[in-house]
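**Student:** So TrEMBL has the following annotated:
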TRANSMEM  61-82  transmembrane segment
TRANSMEM  103-131  transmembrane segment
TRANSMEM  253-272  transmembrane segment
TRANSMEM  305-325  transmembrane segment
TRANSMEM  345-366  transmembrane segment
TRANSMEM  428-461  transmembrane segment
TRANSMEM  482-508  transmembrane segment
TRANSMEM  514-531  transmembrane segment
Amino acid sequence: MLRQPLLIRNRTLSTNSLAIVGAKVSHIESLDYEINENDLFKQDWRSRSKVEVLQYVFLKWLLAFLVGLLTGLIATLINLAVENIAGYKLLAVVKYIEQKRYITGFIYMAGANFFLTLVAAVLCVCFAPTAAGPGIPEIKAYLNGVDTPNMFGATTLIVKIVGSIGAVSAGLDLGKEGPLVHIGSCIASLLGQGGPDNYRIRWRWLRYFNNDRDRRDLITCGSSSGVCAAFRSPVGGVLFSLEEVATWWRSALLWRTFFSTAVVVVVLRAFMEYCKSGNCGLFGKGGLIMFDVSGVSVRYHVVDIFPIVAIGVIGGILGSLYNYLLHKVLKVYNVINEKGKLHKLLLSLSVSIFTSICMYGLPFLAECRPCDPSLQDVSCPTTGRAGNFKQFNCPKGYYNDLATLLLTTNDDAVRNIFSLNTSKEFCIFSLIIFFALYCVLGLVTFGIAVPSGLFLPIILMGSAYGRLLGIAMGPYTNIDQGLYAVLGAASLMAGSMRMTVSLCVIFLELTNNLLLLPITMLVLLIAKTVGDCFNPSIYDIILELKGLPFLDAHPEPWMRNITVGELADVKPAVVTLSGIEKVARIVEVLKNTTHNGFPVVDVVVPPMGSPNGATELHGLVLRAHLILVLKKKWFLRERRRTEEWEVREKFTSIDLAERGVKIEEVTVTKDEMEMYVDLHPLTNTTPYTVVESISVAKAMVLFRQVGLRHMIILPKYQAAGVYPVVGILTRQDLRAHNILSAFPQLAKFKGSKKGQ
């Protein structure tokens, strides 16, 4: 009984290689993070001199420096453009309002926002669909081993930069933080491969980076630099990559990412010092600390524990609710976007008009409030683009608190709601309208065809209910309302994104108040715990919605009830090649299958007296290398093993790193079809293998942690007459959805919690 298979298959194991990358449906492949230890690789590794090893190390650090430098420069350019475009737009609107020309002011504001959104949307829809959205889920998938096509190209980078400037300047409820992470990753990828595909630099040193492993490390540096540039948070940027996007990590990578973020901070600081003298228009008023709340002493009492816990619980509940509703909205948007480019543009422009109406019209609902004469060194009311007490439509000596939050840039809105010692500035009615509006805008804006980030909308929503709780707790607490707003923003981010350590450090670097550390940690832990009880993080939901085959760190509990041998049984028979194979057989296999790796099996010459027919696994050969053999016409007229010099004469390690050639582009004559190819020198002789009796859970952990593309299944019993390969597993085979489609009986275990 125990030897019988645990499960009976329902149908064959299905796989789907299509996914949404950015806003475009693409064919998905996996990446080769595994070192391909064939004869050419071993020869290249042995022949490297000490100078070449030093070149490789030096180039790693040089590229890390360039990633930080360019990310810092582009982040400065984006901030400079956004502050000036949005600033001069708001100054013109305020001028019309002062003249009581309210309709003209609205037309000007809505028209400017419409045009800026149109520019961003047209670029994304027509030139680079992968530039839409934040890009963080796709980066997370790439670092997990999923090849996301056209995600890091030069066109995507340019559209992401210009589109981010347009979308943020248009006053849409989105941030530039997510796009900056994507921009940093694009820069890293382009530097590692020597530039765009059509204009690639064939520098000899760059041959060291013609592999997915080093490109992965560079993109990790790029994502850290992007977060650092967005929040001016170097340590937070490193921890963000470690906690949220990176699947594979090591200490050497930690040093390089920290070096990249340090370069970003130096660049940002240098430009801010330069811009303080007024050389950059409206940009340069702030410093490295974006939302400074260091000017207040934080004192806790026992009674403060209750509102802090309440903020954490509310953040977890609202964060999971936001994830649930956003999932539904994105499903609707996917249906709309599938109808074509025009529908994508109309959706983006409709959201822009709705946002302009709300931002301009809602402040008229708020009552004018008199300026507090006790406030020292504060101008009230203010009529410029920034400031805490916007006059808007109010008489002299009065201000409109809702206009202070809405008729400004998103960064200034955060500064205003985080402001300290302003307990009487915002009334409850205005904060409720602000919170409700940003909840609606946060749901309808994310998913349109423009570059967008989730960080800032969530910060604005969270800060609103945090400040409301601060008002409710007013006489019972010593914590400032501005600090309640900070804690509210942190709790909602933890409740939605499920990050803790990196968020804690980012908020400390954003607000410059180390005294917030204990209560921030408590709020983040509570919010994440509560949120985890309801649904996954927002990025995991987007990954699932886009169909990207991301492998989670923890396998499902029911995966221990099935073996990889049973998975192999429901797959088509494995396609193998001989060590010395006929050209016709190779062409047939490449044309009739889509596999990217093929086990190479050799017939063993038996000792005297042993039975014939024994075979052994020699290794794994990649599809790209087979196509390269056909392209270079490295054929033999007779069946024989080649010498080492014959291989080195025809191939280099740089050749083996090339990708992208298809079998349809290669021509083979009828005479060549009868020739042979010696696959031994190109075969990875040390592929990762597992025995057929191992559980799927264990195999998935190994597959993910090592960063594999193929995993060969070996028979438990090996003897003459037993074929040496049972099957081969890929990323798609280990996805829970695909396994459940073949083994529906496992669904009854699905409700169990994942193991740690």
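Each Cβ is built from the backbone N, Cα and C atoms, and glycine gets one as well.
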**Student:** Considering only the recorded stretches 103-131, 305-325, 514-531, state which has the highest number of Cβ pairs under 8 Å to the transmembrane segment (428-461).
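**Tutor:** When the Cβ pairs under 8 Å are tallied, 103-131 comes out ahead.
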**Student:** Could you give the residue numbers and ranges of same-chain residues that sit at least 6 residues beyond the transmembrane segment (482-508) on either side and whose C-beta is under 8 angstroms from one of its C-beta atoms?
**Tutor:** 227, 231, 233, 235-236, 239-240, 242-244, 291, 293, 296, 298, 307-308, 311-312, 314-320, 322-323, 414, 417-422, 454-455, 458-467, 469-470, 473, 514, 516-517, 519-521, 523-528, 530-532, 536-539
**Student:** Counting CB pairs under 8 Å, which listed stretch among 103-131, 253-272, 305-325, 345-366 touches the transmembrane segment (61-82) the most?
**Tutor:** 253-272
**Student:** Could you tell me what the rest of the chain brings near the transmembrane segment (345-366), counting residues at least six beyond its ends with Cβ under 8 Å?
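**Tutor:** Residues 93, 105-106, 109-110, 113-114, 117-118, 120-122, 125, 170-173, 333, 336-337, 392-393, 400-403, 406-407, 427, 429-430, 433, 437, 441, 444-445, 448-450 contact the transmembrane segment (345-366) from elsewhere in the chain.
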